[in-house]
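Visitor: Quick one: this structure, given as structure tokens, is what I'll be asking you about.
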Amino acid sequence: MAAFSMEPMGAEPMALGSPTSPKPSAGAQFLPGFLLGDIPTPVTPQQRPSIGVMEMRSPLLSGGSPPQPVVPTHKDKSGAPPVRSIYDDIASPGLGSTPLNPRKTASFSVLHTPLSGVIPSSPECKNISGSRKRPASSVFSPATIGHSRKTTLSPAQMDPFYTQGDALTSDDQLDDTWVTVFGFPQASASYILLQFAQYGNIIKHVMSNNGNWMHIQYQSKLQARKALSKDGRIFGESIMIGVKPCIDKSVMEATEKVSTPTVSSVFTPPVKNIGTPTQSVGTPRAASMRPLAATYKTPASADYQVVADKQAPRKDESIVSKAMEYMFGW
């Protein structure tokens, strides 16, 4: 009776759980075949997607070979994925453990190779940074930049006529109040001088005898810079003027020799008004100022004197006035 009652109970769950599987043996009535290690039959259509999913996920998750029972079943099938090519990418030498690393390395080297100009031997950052520094130092070296600046700002290049710059050296100090105006005809020299007189006080100007330029000295460096900003301006709708810093040392030296005794004679005060004339040479403004103590002293030879008026009202100091002040508060 016990054996008779167990047969229908064992046959009913097998018929409901796996209808397509073959009839199980008597020893494995309550357990499915995949738990006991049985190889599934290739005829069942439900096992094909499960095998394909296991084969595609196994290289990415574990990185090892798939289970032995699965490999012989999908090699004979036409719908199985190319497992061999996936394993070749993982086991290739010099790359990472996952197939994503060779893609990153290749893109990294492709992106950085045009910048450096040299193909690095390994995808390390040190080699790429080193190869990047080499062309930068050769192209944009500080020595090259300094050399180009020096050539652009040299006095020979600033000279519009390229004749006076050869006599200058690097130790020469030029006067920044001098400018050279050029590009005008001889008939318009006075007109151009009048136009440049609007930018500052002109101390001296030297005209060229046969050329189309003149040297102008302003009172301050700020006025000279204002005149330099008019380089390339058109005057009279037909004359374009160029303005450059003056580098003609002969004009500056001649002006200094002439103006040196004149300046000393102008700023030398008379000896009669000041007791120490040596201090007034260095400070000409202090020589013309009066000492502060002189305002509080009235000299005997002054033109104006304060005379005390005898008829000025004064306070009465008599006894009666004092008594009235005490009593009435006056």
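Every residue gets a Cβ built from N, Cα and C, even glycine.
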Visitor: What range among 1-32, 161-192, 193-224 does Swiss-Prot describe as region 'Disordered'?
Guide: 1-32
Visitor: Determine the mean pLDDT over the domain 'RRM Nup35-type' (173-253), rounding to the nearest whole number.
Guide: 91
Visitor: Pull the DSSP breakdown for the domain 'RRM Nup35-type' (173-253) and write it out as helix, strand, coil residue counts.
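Guide: Secondary-structure breakdown of the domain 'RRM Nup35-type' (173-253): 27 helix, 27 strand, 27 coil.
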